[in-house]
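Visitor: Copied straight from TrEMBL:
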- 1-17: signal peptide (SIGNAL)
- 31-53: transmembrane segment (TRANSMEM)
- 94-114: transmembrane segment (TRANSMEM)
- 126-146: transmembrane segment (TRANSMEM)
- 152-175: transmembrane segment (TRANSMEM)
- 196-220: transmembrane segment (TRANSMEM)
- 232-251: transmembrane segment (TRANSMEM)
- 263-281: transmembrane segment (TRANSMEM)
- 314-334: transmembrane segment (TRANSMEM)
- 380-400: transmembrane segment (TRANSMEM)
- 420-440: transmembrane segment (TRANSMEM)
Amino acid sequence: MGCVLGALGCCCGSAACSLCCACCPSTRNSIATRLAYGILLLISMIISWIFLIPGLANTLAKIPALCKGSTVGGVEIFQGQISCEKVVGYLSVYRIQFSLACFFFVMMILMLCVKRSKDPRSGIQNGFWLFKILIIIGICIGAFFIPNQGFAPTLMVIGSICGFIFILVQLILLIDFAHSWNESWVAKGEEGSKKHYCGLIFFTTAFYILSIAAIILLYIYFASKPSCSLNIFFVTINFILCIIVSIVSVLPVVQNYHSTSGLLQSSFVTLYVIFLTWSAITSEKPDPICNPSWYGIIKNDNSTIVEATGNGSVGVSSIIAMIIFFGLIIYSAMTSSTKSSGGKLLGISGNEETGTSIPKSEGGKSYDDEEESVAYNYSLFHFMFFLASFYVMMTLTNWLKPTNDFYSFRQSDSAVWVKIASSWTCLVLYCWSVIAPCVFRNREFS
């Protein structure tokens, strides 16, 4: 990560770039660039989270002439420019991530049909980081002056659609990661590495134990009463489906055509599906019986109900979702296989995988691996980050729906069904990735 941040400093000049990269290993431009964009998205996430910190409005109010007018001898000299209560909270997250989405959308249009690094637009993709940061800041400042009337509800609809599409992309990346992980460790185990075989057994067992424990807790705290029939249905159906896909993954006919299919992937997917189930249930309207607060669970106080507001903090499920999200962003940036689902999804070309036409370079410097053709589809990459910006927006705001006053938010049933539909989609995609080699026996899936 230090090397990527150093790469951002390359906008200051070649000398600075050489100094920053001197301690870093040789890196392909294509990978360094994708990591840099990932860092930009991470920074926007952190800034958005800061705007959700309770009491931030009071801190901003201490800045002279920002929220309150400055006075001298009781006479107002400067009029307060903004209402600090209105620039923090969930609406600020909407505006910040909207700015990122606008930036990535413009980049997507600019990078259409770029085929090689000699295209002048390739320089925009891989450089000018200072100007890009300034452009994002400018868009963000402008976004805070957009009237609230119609802005939040419209963006919530767009964010829900784009966020759901990105969830589908994330599911493909997650399944691809699980398969790649298993294939890598199985291959090393077959080469004689006992620690990788032990690692497979350990993680498979750990994932299943965590999944079973999570299911038990869901039944205890969220599906213990007949009145929680919807929660009982969600937990039970997903539990049954996870058992089914786990069995399917080790069937003899599947093993004949997909020898690397195994319980590691199934356990990994099972744990993620259970997480999505929990996240969906906690997106329901607060209820002391069927959706108790964390305080109510820890203190065993079912009388406590926590209502969501526009100045609320990030939920626990959202924090976990953000960790998973950024991990997959890093994985997608490092993916270099054209055969993997993630590689095909990101439009990765063959020269990055095979290493053809990649010049030699001195240690500690990035080098151009896109002279003959780009290593990945620039426009598709920015489209993914365009969707990712809205996903971050919806996740940090807990998928809540803005109310009529535009400053407070409440639970939305759409968030529940988006997450449950995502869990079912994840199981379908994983099951298909397992049985596809059996169905299309003449096609290459490795």
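Every residue gets a Cβ built from N, Cα and C, even glycine.
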Visitor: Six or more residues beyond either end and a Cβ under 8 Å away: which residues meet both conditions relative to the transmembrane segment (263-281)?
Guide: 174-175, 178-179, 181-182, 185, 200, 203-205, 207-208, 210-211, 214-215, 218, 222, 231, 234-235, 238-239, 241-242, 245-246, 249-250, 290-291, 317, 320-321, 324, 415-417, 419-420, 422-423, 426-427, 430, 434
Visitor: Checking distant contacts: for the transmembrane segment (196-220), what same-chain residues at least six beyond its ends satisfy Cβ-Cβ under 8 A?
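Guide: Beyond its ends, the transmembrane segment (196-220) has Cβ neighbours at 182, 185-186, 188-189, 231-232, 235, 239, 242, 262-264, 267-268, 270-271, 274-275, 277-278, 281.
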Visitor: Out of 94-114, 126-146, 152-175, 232-251, 314-334, which stretch has the largest tally of CB pairs under 8 angstroms to the transmembrane segment (31-53)?
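Guide: By the under-8 Å Cβ criterion, the transmembrane segment (31-53) pairs most with 314-334.
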Visitor: Given the transmembrane segment (126-146), which of the listed stretches 94-114, 152-175, 232-251, 380-400, 420-440 has the most Cβ pairs that are under 8 Å apart from it?
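Guide: It is 94-114 that shares the most Cβ pairs under 8 Å with the transmembrane segment (126-146).
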Visitor: Given the cut-off of 8 Å on Cβ pairs that are 6 or more apart in sequence, determine whether the transmembrane segment (314-334) and the transmembrane segment (152-175) share at least 3 such pairs.
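Guide: Answer yes: the transmembrane segment (314-334) meets the transmembrane segment (152-175) with 3 or more Cβ pairs below 8 Å.
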